[in-house]
Amino acid sequence: MSAAGPLHEAGVALPAAAGPAGAATPASRAWQQALGAALFALGVFLPWSTAGTSISIGVLMVLYLLTPRRAYAATPWREPAVAVGLVLLAYIALRTVAAEGWALETVKFANRYHELLMIPLLGALMTLSQRRNAFLYGLLLGGLGLAIAHWLPLPEPMHTKLELRRISAGFGLAVCAFMLYEETRLGRLPKLAGYFSAGFLAATIVLAVGARTGYLMLLLLGACAAWRTAPKRMRWPVLAGLVVVAVSAFLLLSSVREKRGDIAMSNKIRTEMVQNTMEVVREHWLLGTGWRGYRKAYSEAAAERGAPPDSHWAESDNPHSEYLMQAAGGGLPALALFIAWLAIPILAPWRRHEGTDSQTGVLACIAIAFAVGCIFNSMLLDFIEGHLYGAMFAWLMAQRE
């Protein structure tokens, strides 16, 4: 497709890296500089700031609209995972409207899954950008800043905010540690600084964040890193040794022992919520309750199962499992689409015959961690986790191209 859009129509040729060869002009250079700055800001904000992330995405969408034809041509609409994600988003919107009709609340519920649309649009901008690595460097910087914050004697309101975001911090820091290790191993970062930073993030997850999701994400991505690093004949022994060491360390950690009472209560709440949600799924397995209607259906199921009205599991609008959320909200079609959306990048290294050592393999590793995390948390529904995974998905697609 020929290059077009406002910049082109004004006689401006974007740089060669963003399309057909041509002399860069002040307007095209300004567009590229703004794009690089916005990608860097997005990376910095993703691990810890919902407001900063939203503003950065808004700026990026404005940049997309400044060159719509060129950006549209670069958008990976035919990428299988992108296509399935867009179908899932459309189904979520239609199912919610069918259940509740057109209303502001309906739009808000559907908008909670806008990451499925963000991925291809952001992927297009990253493909066009001459400075797409600014996103990764911003992300690593933001992750390091978040890790440092967990070790500081912060005021109580800020400390409480960190405590409430332990799950997203665990996932984000694990992804950053994995990417730091990979970039250092491949010679793109200084070895001493890169490996030290990756180790610092891992230690922060274990000793300062203290969330079980973080432990699990660190174990999975650590296993992926070991698999990609070890000689092929040694991969399985190395993987087995890593799992044994990680599980032993988890059981011995004093911080874990001290929190066993909290863990037992958390497990009880989650178990009750899962059982209540399974009742909802059994009653509405075909098309679900609609995402907005889930709360009412859940409350009725909890009451039927004898949940005390003042218990933590008597009411919920989130089962803390993305698989259950999709099954309850959208029924069998939503669950099937969601599983397919997760599976496509995981299976891509073998489908493309590229192996796990490729950039496609990096995306597969992060997708595996995200897919497992979705068993225990609504990670696509949750803002930080969903946006972080979506942005990494887009960046790795652009890198592969």
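Placement of Cβ uses the backbone N, Cα and C atoms for every residue, glycine included.
TrEMBL does not curate its annotations; it predicts them automatically.
Look at TrEMBL and you will find 39-65 (among others) tagged as transmembrane segment.
Long-range contacts of the transmembrane segment (77-94) within the same chain, counting only residues at least 6 positions beyond its ends with a Cβ under 8 Å from a Cβ of the stretch, are 110, 113-114, 116-117, 119-120, 123, 291, 329-330, 333-334, 337-338, 340-341, 344-345, 348, 393, 397. Per TrEMBL, transmembrane segment is recorded for 77-94 (among others).
Positions annotated as transmembrane segment by TrEMBL: 134-152 (among others). If one looks beyond the transmembrane segment (134-152) by at least 6 residues along the same chain, the residues whose Cβ comes under 8 Å of a Cβ in the stretch are 36-37, 39-48, 126, 158, 162, 169, 172-173, 175-177, 179-180, 183, 197, 200-201, 204, 208-209, 391-392, 395.
If you look up TrEMBL, you'll see 164-181 (among others) marked as transmembrane segment.
Annotation comment: TrEMBL describes 193-226 (among others) as transmembrane segment. Nonlocal intrachain contacts for the transmembrane segment (193-226), taken as residues 6+ away from its ends with a CB within less than 8 angstroms of a stretch CB, comprise 140, 143-144, 147, 150-151, 166-167, 169-171, 173-178, 180-185, 235, 238-239, 242-243, 246, 249-250, 253, 255-256, 259, 263, 365-366, 368-369, 372-373, 376-377.
The domain 'O-antigen ligase-related' annotation in TrEMBL covers 200-339.
Taken from TrEMBL, the feature transmembrane segment covers 238-256 (among others).
Per TrEMBL, the feature transmembrane segment maps to 323-348 (among others).
If one looks beyond the transmembrane segment (360-380) by at least 6 residues along the same chain, the residues whose Cβ comes under 8 Å of a Cβ in the stretch are 113, 115, 167, 171, 174-175, 178-179, 182, 212-213, 216-217, 220-221, 224-225, 228, 270, 318-323, 325, 338, 342-343, 345-349, 352, 354, 386, 389, 392-393, 396-397, 400. Here TrEMBL flags 360-380 (among others) as transmembrane segment.
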Positions on the same chain near the transmembrane segment (323-348), where near means CB under 8 A and six or more residues out: 80-81, 84-85, 87-88, 91-92, 95, 116, 274, 277-278, 280-281, 284-291, 293-294, 297-298, 354, 360, 363-364, 367-368, 370-371, 374-375, 378, 380-381, 393
Residue numbers, six or more beyond the limits of the transmembrane segment (39-65), whose CB comes under 8 Å of its CB atoms: 31, 71, 118, 121-122, 124-126, 129, 131-132, 134-143, 145-146, 149, 165, 168-169, 172-173, 176, 383-384, 387-388, 391
Predicted model, mean pLDDT over the domain 'O-antigen ligase-related' (200-339): 87
